[in-house]
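Engineer: Before I ask anything, let me first share the structure, which is written out below as structure tokens.
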Amino acid sequence: MVSSDTGECFSGATVRVPADLADALKQQALEQGFALAGIAAVPSGERIAMRTAALQRWLAAGHQADMAWMQDPRRQAIELLLPGVQSVLAVALNYYVDQQQTPASPKIARYGWGRDYHRVMDQRLRRLGRWLEEQQPSCRWRACVDSAPLMDKAWAEEAGLGWIGKNGNLISPSHGSWLLLGHLLTTASLPADQPARSLCGHCQRCLPACPTAAITEPFVVDSRRCIAFHTIENRDEQVPLPLHGWVAGCDVCQEVCPWNQHHAQSSADPAVQPREWILSSTVNEMASWSDDTWSERLQASALRRIKPWMWRRNLADLG
């Protein structure tokens, strides 16, 4: 291994024909539990350049709020993440489960209902990297979940998994946008899939549905107005806007999307099944948690990014 999330391929296995290897790699991804898998080539086409320019405009406008890591230069130059990268395997984990929280429960975004997806996806991507080691000698790879400085939605779009919608989420025609994205960068040269094309059409349901008007125009989300940002990332003692019942994240712009209303598929993956307390706990119950209870309830959860004092802050806003 090169580092904690990279690998070098020194297997003496027979080199496969690139097209066969690409198909086999994507099949392996599906067998690991990913709902979608596709491959993009590096250097990329005009679309990645367009998405990079859009990111630069977004940053220049200050829409990242205080998320300084969004300015990491590696996000705009994939070669800095893995020198010599030629291909990107993009994968998507379907996290939608056809269950609902009780009306009395503080609202928690669905991505946080199950186990920490960073760990789940990283483990599965590493297995794919090790499998790739066995197939092609002398290649290098790096696994990336959304904590890596990568334009994950742009590369997933380039690999054909879906298109970036007007709410900023990647939308798949087969699954909607209830998807978590991961990538395996590799120096192996693999044939690319056809990039996805947008199917949003004239629909703009997500824009007026946002309770804080965070989607300032199609495809532009201002984090300074976003409930998800303020509940998860804002470290101030008070949040500057109403949370509208949300204590962790926000799913409104996804809930109103027709692609989710008509194409969401309930996942049976054990990693994304909801914890019982998420579905049924009340504001008063959550507000009474000690730090130890918080640690127990959120063990191996992506919601641990919301510290205990932030959790109480968010709950206090709900009254």
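Glycine is treated like the rest: Cβ placed from N, Cα and C.
Not my notes, these are from Swiss-Prot:
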- D146: active site, proton donor (ACT_SITE)
- 188-220: domain '4Fe-4S ferredoxin-type' (DOMAIN)
- C200, C203, C206, C257: [4Fe-4S] cluster 1 binding site (BINDING)
- C210, C226, C250, C253: [4Fe-4S] cluster 2 binding site (BINDING)
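Looking at the shown structure, can you explain where the listed features end up?
Structural biologist: Secondary structure at D146 (active site, proton donor), taken from DSSP and collapsed to helix, strand or coil, is coil.
Within the model, the domain '4Fe-4S ferredoxin-type' (188-220) carries an average pLDDT of 98.
If you take the C-beta of C257 ([4Fe-4S] cluster 1 binding site) and look for same-chain residues 6 or more apart in sequence within under 8 angstroms, you find G165, N167, N169, I171, G176, S177, R205, C206.
A 10 Å cutoff on Cβ-Cβ distances gives C250 ([4Fe-4S] cluster 2 binding site) a total of 26 other Cβ atoms nearby, all chains included.
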Engineer: Only counting partners 6 or more residues apart, tell me which same-chain residues put their Cβ under 8 Å from the Cβ of C200 ([4Fe-4S] cluster 1 binding site).
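Structural biologist: Sequence-distant Cβ neighbours: W163, G165, K166, I171.
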Engineer: If I restrict to non-local contacts, at least six residues apart, and a C-beta distance under 8 angstroms, what lies near C253 ([4Fe-4S] cluster 2 binding site) in its own chain?
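Structural biologist: The list for C253 ([4Fe-4S] cluster 2 binding site) reads N167, G168, N169, C206, A209, C210, I215, given in order along the sequence.
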Engineer: Give me the DSSP three-state residue breakdown of the domain '4Fe-4S ferredoxin-type' (188-220), ordered helix, strand, coil.
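Structural biologist: Reading the DSSP string over the domain '4Fe-4S ferredoxin-type' (188-220) gives 4 helix, 4 strand, 25 coil.
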Engineer: In the same chain, which residues outside the set C210, C226, C250, C253 have their CB within 8 A of the centroid of the CB atoms that define the [4Fe-4S] cluster 2 site?
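Structural biologist: The surrounding set, listed in chain order, is N167, P211, T212, A214, I215, V221, I227, A228, V252.
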Engineer: Cα-Cα, whole number of Å: C203 ([4Fe-4S] cluster 1 binding site) versus C226 ([4Fe-4S] cluster 2 binding site)?
Structural biologist: 21
Engineer: Could you say which of the binding-site residues C203, C206, C210 has its Cβ with the most other Cβ atoms inside 10 Å?
Structural biologist: C206
Engineer: Please compare the recorded positions D146, C226 by how many other CB atoms fall within 10 Å of each one's CB, and tell me which has the fewest.
Structural biologist: D146
